[in-house]
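These features come from Swiss-Prot:
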- 11-31: transmembrane segment (TRANSMEM)
- 46-66: transmembrane segment (TRANSMEM)
- 93-113: transmembrane segment (TRANSMEM)
- 119-139: transmembrane segment (TRANSMEM)
- 158-178: transmembrane segment (TRANSMEM)
- 202-222: transmembrane segment (TRANSMEM)
- 234-254: transmembrane segment (TRANSMEM)
- 283-303: transmembrane segment (TRANSMEM)
Amino acid sequence: MNDLIMIVIRFLLYLDLMVIFGLPFFQIYGISGVRHETYNLTNFRSFITFAVVTGIILTGINMLLVSNAMSGVTDLRELSIHVIEMVIEETDVGISWIVRLCALFTTLGALFLYTNKRVLSCLLMTMSGGVALATLAWGGHAVMHDGLHYYLHLLSDLTHLGAAGAWTGALVAFAILLMRRNEHNAQSVIVISDSLAKFATAGTVIVVALILSALVNYLYIAEGNLTPLFNSSWGRILLAKTALFVLMLLLAAANRFHLGPRLEVMVREGNYDRSVALMRNSILTEFVVAIIILGAVAWLGMLAPSQVS
């Protein structure tokens, strides 16, 4: 039961911190020159606020669960403040919690600038959100090596986290934009269409970064051995995750090369309702697949390739 709870908390942290980083980041490169008529459409302040508060709570729960596991006590109520302090002060994962909390509170502070200085606010939130997201690397396989390989594997994992966070944040942004049906008009649909076009280039960079960093991570975790893919739970989950990633690529390709251009044409013709609905369904499907992948990632971090099943 404790392992299941830990996996759920890890999953929620992955999703939450990726939104905190990816949503304001998307506003920097994906949404610019917003007109007054569509200002509310692109206002993500309430979503980011909720994510930050949730991230602080989840980090606190994660601190308790990990400290409990390290202390060896069977009941969480037996966990002492002394043990928690020791984990925080003497372990890398403990230090990462403090860094994450500082970054999350910084993000919370940057939200106060959102209304009057949105670009500056999003820039600050992207940086602090990126730091918060990066701390997840110290809770998985990225720190299993020593020396130079420690830093190379960590850099690869940070790249993977950043790229995944950028993609997840963009999906959340598009989902929010497309779900606000009562605010859709010619101007708002133009904002969505333009944002899709801007994400096309960023999406290519994200996919390349994900693939390359995934290969490096696998080489480090499995030591270049293909056997764990087929004789361990870790390998089978990784294969399932890879299949889902391919599905995401197909959906993203459909958005970029078919649904996006079609929406652009329909906007010019003034008949965009059907195209918006199709794009909404595609984005939501892609987002659901992304959520399942994050669940797999949270599970993978609790397993080792050497655990044959």
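Residue numbering: from 1, along the chain as shown.
Just so it is clear, glycine is given a Cβ too, placed from its N, Cα and C backbone atoms.
Sequence-distant contacts of the transmembrane segment (93-113) (same chain, at least 6 residues past either end, Cβ-Cβ under 8 Å): 17, 20, 45, 48-49, 52-53, 55-56, 59, 62-63, 66, 87, 120-121, 124-125, 128-129, 131-132, 135-136, 138-139. By number of Cβ pairs under 8 Å, the transmembrane segment (158-178) is matched best by 11-31 from the list 11-31, 202-222, 283-303. Within the chain carrying the transmembrane segment (202-222), a Cβ under 8 angstroms from the stretch's Cβ atoms is held by residues 29-30, 141-142, 144-145, 149, 152-153, 156-157, 159-160, 162-164, 166-167, 170, 228-229, 235, 238, 245, 249, 252, 256, 305, all 6 or more beyond its ends.
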